């Protein structure tokens with residue numbers, strides 16, 4: 001990992017498009033996508049249940065930040081997402097982070113898929129969105145659980161030149177030069193990176209030869225293939241967290257991408273190999289916590305590391321925390337940032 005004082009910023013569902021019909025049939029949230037113009041998308045969310053729902057917006061298609069709102073496929077292959085991957089706090093949230101959708105209410109948002117996906121080749125694409133919303137009780141800001149959702153698939157034809165212009169205009173707004181990571185923020189970040197290395201080293205050993213019960217608790221498998229895959233991810237993190245002057249990633253201590261919205265602890269832009277620690281990281285988090293499944297600075301660094309494509313290129317699937325980890329399939333756990341994070345944290349905390 002390298003600290004940087006300036007940079008020009010850019011701001012799998014392998015195979016065929018896969019829409020989870022079970023989620024669509026059982027969720028109180030109905031999500032319908034519509035194509036707008038060349039590469040625009042309208043997401044229409046309807047609460048089909050009989051009670052109001054208070055949805056956590058951050059990191060979802062309701063978020064105005066450059067997060068992964070949709071997945072885009074061309075000829076059955078997923079097009080890389082070039083925006084931010086977030087680490088979200090599940091405590092200390094404010095009302096601004098939520099959207100209440102009344103029973104029977106419909107809520108619409110619009111965005112452009114070309115801003116964070118390279119659609120310059122043009123041609124036919126399929127667009128979907130699926131995952132989970134965190135939610136709170138209507139009179140609270142404490143996360144109460146998750147609600148899955150899955151949209152329809154929209155098939156549309158893209159004009160590559162128009163899409164390239166949209167992308168170029170969006171990225172031009174994201175070009176910033178920033179000097180940061182000094183003083184106490186640098187100290188906190190350096191210490192967290194060092195702790196991340198120790199966490200990953202212990203996790204790598206546990207993945208390779210540790211108890212079967214821990215592997216199945218977090219990854220739902222303890223086969224040799226699963227152990228090797230997980231151990232490799234942690235070994236990659238050991239290497240990346242082993243230096244603050246070399247490696248594939250760059251670390252920032254100020255919000256160079258403008259993505260530190262409510263509840264965001266840190267974020268990563270995998271396409272550009274940089275990570276940002278938000279004010280919440282410095283002002284609200286302990287360096288380390290021995291409470292099982294707690295969030296802290298050391299695990300935040302590890303979480304963000306897994307998002308790097310050279311490490312693993314994980315997703316969040318819209319969910320964080322132990323209960324969400326337990327709800328995923330084995331295949332999803334292998335590509336879920338918080339699964340790796342909580343596996344490593346459980347060893348540190350002796351869970």
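Positions of Cβ are set from backbone N, Cα and C atoms, glycine also.
Going by Swiss-Prot, these are the annotated features:
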ACT_SITE  304  active site
BINDING   303, 307  Zn(2+) binding site
DISULFID  181-253  disulfide bond
DISULFID  260-278  disulfide bond
SIGNAL    1-16  signal peptide
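Taking every protein chain shown into account, 303, 307 are the binding-site residues, and of these the Cβ with the most other Cβ atoms within 10 Å belongs to 303. Here the disulfide-bonded residues are 181, 278; the one with the fewest Cβ atoms within 10 Å of its Cβ is 181. The recorded positions 260, 304 differ in how many other CB atoms lie within 10 Å of their CB, and the one with the most is 304. The number of other CB atoms found within 10 A of the CB of residue 253 (disulfide bond), across every protein chain shown, is 23. Among the recorded positions listed (303, 304, 307), 304 has its Cα nearest to the Cα of residue 253 (disulfide bond). In the three-state DSSP scheme, residue 253 (disulfide bond) falls into the coil class. Looking at residue 181 (disulfide bond) and residue 307 (Zn(2+) binding site), their Cα atoms lie 21 Å from each other. Per Cα geometry, 304 is the residue among the recorded positions 303, 304, 307 nearest to residue 260 (disulfide bond).
For the pair residue 278 (disulfide bond) and residue 307 (Zn(2+) binding site), the Cα-Cα distance reads 16 Å.
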